[in-house]
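> These came from Swiss-Prot, pasted as-is:
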ACT_SITE  ASP23  active site, proton acceptor
ACT_SITE  HIS51  active site, proton donor
BINDING   22-28, 50-52, ARG315, 341-343, 423-425  GTP binding site
BINDING   ASP23, GLU24, GLY25, LYS26, ASN48, ALA49, GLY50, HIS51, THR139, ARG153, GLN234, THR249, ARG313  IMP binding site
BINDING   ASP23, GLY50  Mg(2+) binding site
BINDING   ALA309, THR310, THR311, GLY312, ARG313, LYS314, ARG315  substrate binding site
Amino acid sequence: MESKPFTLPSQSATVLIGTQFGDEGKGKLVDYLSDQYDIVVRYQGGANAGHTICFDGKSVVLHLIPSGIFNEKCVCVIGNGVVIDPVALLEEIAKVEELGYTVKGRLFISHNAHLIMPYHKRLDALHESAQGGQKIGTTGRGIGPSYEDKFARKGIRVVDLLSPGLLQEKLRENLAEKNKLFRNIYEGDEIDVESMVREYEEFDKLMDPYITNTQLYLNRQLRQGKTVLLEGAQGCLLDVDHGTYPYVTSSSPTSGGACTGSGIAPNHIGKVIGVCKAYMTRVGNGAFPTELNDATGEMLGRVGHEFGATTGRKRRCGWIDLVAMRYSVAVNGITELALTKLDVLDGFEEIKVCNSYMLNGKEIRDFPTDHQTLSAVQPVYTTLKGWMASNAAARTFEGMCPEAREYVAFLERELEVPVTFISVGPGREETVFR
């Protein structure tokens, strides 16, 4: 009997990740690239991340729905690695529909994704306030407590909405435990079980059209030759395993997290695009070696409009850190870089780039992820000439001013990865591809 020929993986999936502390401008790139892909997948995080998309004179922030939703030919998937607040998701669906875009039939939600419950959000706020000076700087959206329940095997999943009896049972079990915490530890009010049961039974009807086995769906689509873009939230340096622990998020924004959070095998991935700002920002607490607590940092924040899309919090600003970037390139297997917000540097006569650190009198080029060591390093800078001109009209690399081109070339030489995308302004069209 003749053997059946093997079908090799298509490698038609691309992962797009943040290489820094999040807020790198991934939303613009996903929106721009979505017309080149059949499916866009969000694979981790929750409503704690905001992706801002600018088009047709509008600025839209999405927290859960993938940025590809604004391309009518693109299907969007919320993967099993995401934790979903049903209230936030339904509000977001309504917002997208109000803008005139079709959602039903174009958005699919993994039946294995976990739900963020009201008690998760309350626990998040109570726990953070109890930390005093040791606050992590969470968004208060219930992300951490939801992931805690997931890994403690107590979580409620999207699929549970489809079984009212099971949903009630799980809600009662969870609330019995959580109400003890509210009553005995935090000395607060309990959450009413019956009202929550009624509320979440309604979510079954509203979310049912979107729920499916997305792992099965995605693998079938890949076998049929469809292309997939996997969209990460936050950034590599906030990864729960590879980030600046404990000042991290509760999930895995890395390229490895793309596989576990979507159900797509690694051998389907052909490219890993790393998104980085031309400078650096961080929201919340945690070590930040190149942070600028001076007029330069204020200028970066003001020109770059550096306020969190989710919380509105002011972002901490500093020069780009290539020690951290080299680490991100290695951990994620990045094949190309997308450089965003280059226009924010237009008004600087000199631009500094951190190439190494000083630690206890020694120069180091490796990134320490433990908070204590990272807090002790001092950045060593290389100073480059600024360009003091706008590149907003440039649509080719050659059309950019020489100093801006040299800045990009310097990053490529140091990181040994090509920069294939350069954002020279917030608009969709203000983009240079190479």
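Every residue, even glycine, has its Cβ placed from backbone N, Cα and C.
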> Could you check what DSSP calls LYS314 (substrate binding site) once collapsed to helix, strand or coil?
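DSSP call for LYS314 (substrate binding site): strand.
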> Please identify which of LYS28, ARG313, ARG315 has the densest Cβ environment, defined as other Cβ atoms within 10 Å, among these binding-site residues.
LYS28
> What's the CA-CA gap between GLN234 (IMP binding site) and GLY25 (GTP binding site) in angstrom, rounded?
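Per the Cα atoms, GLN234 (IMP binding site) and GLY25 (GTP binding site) stand 10 Å apart.
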> Cα-Cα separation of LYS28 (GTP binding site) and ASN48 (IMP binding site), in Å?
18
> Round to a whole number and give the Cα-to-Cα distance in Å for the pair ASN48 (IMP binding site) and VAL424 (GTP binding site).
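Here the two Cα atoms are 27 Å apart.
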> Looking only at THR52, GLN234, which of these binding-site residues has the biggest number of Cβ atoms within 10 Å around its Cβ?
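Of the binding-site residues THR52, GLN234, the most buried by Cβ count within 10 Å is GLN234.
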> In angstrom units, rounded to an integer, how far apart are the Cα atoms of ARG315 (substrate binding site) and LEU342 (GTP binding site)?
17
> I'd like to know which of these binding-site residues, GLY22, GLY312, is least surrounded, judged by other CB atoms within 10 A.
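Sparsest of the binding-site residues GLY22, GLY312 by Cβ contacts within 10 Å: GLY312.
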> Could you tell me the C-alpha distance between VAL424 (GTP binding site) and the residue listed as 'active site, proton acceptor' in angstrom, no decimals?
16
> Return the count of C-beta atoms lying within 10 angstroms of the C-beta of LYS314 (substrate binding site), excluding that atom itself.
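Here the count is 12.
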> Tell me, by DSSP, whether THR52 (GTP binding site) is helix, strand or coil?
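DSSP call for THR52 (GTP binding site): strand.
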